[in-house]
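Asker: Okay, here's the structure, questions in a sec.
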Amino acid sequence: MSAPCHCKHVDDSSSNDKLSALSPELQQEFKDPNHPANLICELCRLFYDNNWVTGTGGGISIRDVDGTNPNLVYIAPSGVQKERIQPWEMFLVELPDEKILRTPNDIPKELTKSYKYKPSACTPLFISCYTLRDAGACIHTHSQHAVMVTLFFENEKEFAISHIEQIKALPKLKYNDETGKIEKIGSMEYYDKLVIPIIENTPHEEDLTDSLQEAIKNYPGASAVLVRRHGIYVWGETVWKAKVYNEAIDYLLELAVKMKLAGIPLVKQE
């Protein structure tokens, strides 16, 4: 059960009134507060307040792992103000063929104001996390802490930090030779070293896909990929796990910036 959202960007009663313009099927679908589309709205407002998805940047995608069809993926559209996003504005994609089942352009014009919605440029990167890691959700933010870390380590291909309590919030992952999948075998320990790959930014988001896929394959223990001078992609087995991982990693990135400025090594020598 999700925690209630206390954000004040959108009037919930107004949102409920607008549902009446939708088909009866969609009205029923979006009444569930735990529906992936509603959770994306909730998290977008939270992330906006954290300064992670400002200026229409960033994005969130959720795979309906708890629904009747876990191949259904809900993706926030491109170029919209994340703190004002509504559940009917999501793109609905079905894996593995990546078939678009529904777009916000199908919604009554009185709700969309005839705005022409575009799929998120992050879509191929989100799909990569689902296909390569069997993720339940993927989060992309433009966190300043993520950007700063990639600038501090301008010539490095990875970020590493150890002996910080918050590391324990992240999963310990291992490749299973029998299943051919990356599986969670527990949680990281205080003394473990967290390593996150860094890939180079590109002029267009979708052009990051090959580099992201390569990083995911080369770093089986990672739950995130940093994009230099851009932000970060974080995924998890469920939307709430992805949220926890994203928050924990951002905490560690912020701490790393402060440690670097203070001349404190990020990886403690034994």
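Using N, Cα and C of the backbone, Cβ positions are placed for all residues, glycine too.
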Asker: In Swiss-Prot, the Zn(2+) site includes His140, His142. Which of His204, His230 does it also list there?
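Answerer: Of His204, His230, His230 joins His140, His142 in the Zn(2+) site that Swiss-Prot records.
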Asker: Quick check: which same-chain residues outside His140, His142, His230 lie with their CB within 8 A of the centre of the Zn(2+) site CB atoms?
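Answerer: Not counting the recorded site residues, we get Gly57, Gly58, Thr141, Ser143, Ala146, Val227, Gly231, Ile232, Tyr233.
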Asker: About how far apart, in whole Å, are the alpha carbons (Cα) of His230 (Zn(2+) binding site) and Cys122 (substrate binding site)?
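Answerer: Rounded to the nearest whole number, the Cα-Cα distance is 13 Å.
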Asker: Distance check, please: Cα of His140 (Zn(2+) binding site) against Cα of Cys122 (substrate binding site), rounded to an integer number of angstrom.
Answerer: 8
